[in-house]
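Record features (TrEMBL):
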- 19-409: domain 'Major facilitator superfamily (MFS) profile' (DOMAIN)
- 20-38: transmembrane segment (TRANSMEM)
- 58-76: transmembrane segment (TRANSMEM)
- 112-135: transmembrane segment (TRANSMEM)
- 147-164: transmembrane segment (TRANSMEM)
- 176-197: transmembrane segment (TRANSMEM)
- 231-255: transmembrane segment (TRANSMEM)
- 267-288: transmembrane segment (TRANSMEM)
- 295-315: transmembrane segment (TRANSMEM)
- 321-343: transmembrane segment (TRANSMEM)
- 350-372: transmembrane segment (TRANSMEM)
- 384-404: transmembrane segment (TRANSMEM)
Amino acid sequence: MPFSTLARSAPPPRWWTQAWALVLAGGLVMGLALGVRHVQGLFLLPVTLERGWSRESFAFALALQNLVWGLAQPLAGMAADRWGARPVVGTGLALYALGLLGMSQAGSPLAFVIAGGVCIGIALSGTTFGVVYAALGRLVAPERRGWALGLAGAVGGLGQFLLVPTTQTLIGHWGWVAALGTLALVIALALPLAVPLNDRAATTARGASAAQPPQALRAAVQEAFAQRGFWLLNLGFLACGFQLAFVASHLPAWLLDQGWRAADGMAALALIALANVGGTYACGLLGARYAKKKLLAGVYLARSAAMALFVLLPLSTASLYLFALAMGALWLGTVPLTSGILAQVFGVRYLATLFGFVFFGHQLGSFLGVWLGGVVFEATGSYGPVWAGAIALGLLAAALHWPIDERPLPRLRREALA
């Protein structure tokens, strides 16, 4: 066969299948989805003051959002494992835009809860870690997985950073209703980013190339549920969700209660998002070289230390900014490490589904962190007990991660030798 015929039969891969395009698309999707979630605390006072609602009602909507997200994540993971990430991400982005529009037009706490709690909760399950990281884990070579997950998380963190001042500016100039509408438009325009995340072919090829019949979904879930380390990851991730959701949702209001300006809360959230860029990327790289469970334990210990120092020392501009930078560096680095442990122990075939179950623990903690923050404040006029609970949970999470066995299951070792 002539050389020219051979050349024509193997065209170069399209640009959107290159690793850099996959990482960029996944990172931008997560940056928008998580960025909008990250700035929801900026709407707490504008919404409650204009509508005459209590902080507890607003906090319940965000708390329910976290719980619905956690409940929907395993289902979104199953859908992505079966049909690929592309349709799941696209559907999630569309639901996200509709939810934001619903929040902007809600005339009662119930309507606000349905739009912001239920609709956006479901949307987040299809546009964040569980689906995006699993897609990258399947589309990128194993030796580059740590780099891809870390860099996608960093791109997502940069998106969060940019959305904080942008959202605060929109609220200040146009009001919170127009700000939510603008964010809905941005999310809708991001729908084409789902196109490169086509991991269905990679999943099919991986299953077809295995020497043994591909593992069924039910068997994979039963296998994971039988492992102690799987449940330890769940419990540890609960602490992660509690800490992050409480800080992101209530820190701006807490600062206002201390007599600080709304701009100070915005600056703190922006610094958290900025530091998260480097922190997430570093955790992804470190997870490829060192024991992930030890890195996770260190992250939780450092978070608790940062929180304890912040609430015990006198509040100042320096202490606020140092706290924000420290928390940001430790913010979402837990996600590539946790996802990495699951891929390492159980394989990537059903990574989206298994991460979905683990992520439910994270979102249960997020629900409690946001909701209890509102309940405790309404009952006592202080966030002190919730700060103490967040610190204690971080210490518990560090202890829970230490005994996790990171070695691949015997099934994976047999498949590697086959």
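Cβ coordinates come from backbone N, Cα and C, glycine included.
Because the structure is a prediction, the values reported are computed rather than measured.
Touching of the transmembrane segment (58-76) and the transmembrane segment (350-372) is concluded from the presence of at least three CB pairs under 8 A, sequence neighbours closer than 6 excluded. In the predicted structure, the domain 'Major facilitator superfamily (MFS) profile' (19-409) carries a mean pLDDT of 88. The listed stretches are 112-135, 231-255, 267-288, 321-343, 350-372; of these, 267-288 has the most Cβ pairs under 8 Å to the transmembrane segment (147-164).
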